[in-house]
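Engineer: From TrEMBL, for reference:
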- 24-47: transmembrane segment (TRANSMEM)
- 67-88: transmembrane segment (TRANSMEM)
- 109-130: transmembrane segment (TRANSMEM)
- 162-181: transmembrane segment (TRANSMEM)
- 193-210: transmembrane segment (TRANSMEM)
- 222-243: transmembrane segment (TRANSMEM)
Amino acid sequence: MIVYGRLLLMMFWFKTIQKSPELYLFYCKFVFDLVISFISFIKMIIYGLSMTSWADFFFANHWLTFMFVWPVSSFSTLRAILVLLIAMDRTCATYIPIKFFKYRKLIPTSFIIGAVLSYSIIDISVAFLICQIDLSTPTDCVSAQCINGACYQRYWLVFSQILYALIIALTLLLCLKIFFWNKANLSGDLKRANRLAMINAFILFIFNFLPPIANSVFSNYFEYVGAMNSVCQTLGFVVESWLTNVSMRQKYRVTVVTSSGKVVQRSTVEKFSEYK
């Protein structure tokens, strides 16, 4: 939360990091990561309290736990869809650059974000209409599988694995094009966008793709190792946010020398974006 919050403030409030049109979807992903990190922080506090004398309270009022457990799963699904669109965006820009830059400007970033958020309607329908999550019956656990129900958790695991597999496949195509086939000179912004996409795919594979597979193979592993999905996801956010922060600050911070000879760090005037 601290790293992503600071990064967003430096870009949109203090303007010490220059914004780039090629990274607008990444900025939206940073917001998703910040929101998920905040909700996960509250969820982990509840997990900790459930190991104390407060356990009976959370078992009897598991709707309270649900208010923080289910949104993490739901927002993680939306984030995965956004990352898939980013991977498609970067792969198309690398393989078919002429057609991409010709037609990409016809699809506003706001439309893409709206399409991603609209999937929440399907997610809510699956949770409450198809899986019919019960919030009134007391439980004796606080894990996501117990709170969300086996039906929704199975849907979420399968859907996440499919999305992450597609993201990894697209990123591998991107890597092949960049490292073996592509001899053209790319602009600095496009190189950074591709780099961020590859960093994100690597983090997804290690911290988001493998834990759900382990959860599918060992359905009761929460009883032995705890909230491993949440821990791995949060650790992935930490690693990714640090790498992203280093990359963004090194590449986008602009040095300006004032008339008095003082060196300051600030961004240049933001250029008009055809993607906006």
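Placement of Cβ uses the backbone N, Cα and C atoms for every residue, glycine included.
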Engineer: Can at least 3 Cβ pairs under 8 A be found between the transmembrane segment (24-47) and the transmembrane segment (162-181), with each pair 6 or more apart in sequence?
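Structural biologist: No; fewer than 3 Cβ pairs under 8 Å.
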Engineer: Let me spell it out: take the transmembrane segment (162-181), skip the flanking residues so only those 6+ beyond its ends count, and list any with a Cβ under 8 Å from a Cβ in it.
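Structural biologist: Same-chain residues near the transmembrane segment (162-181) but 6 or more away: 77, 80-81, 83-84, 87-88, 90-91, 94-95, 194, 197-198, 201, 204-205, 208-209, 212.
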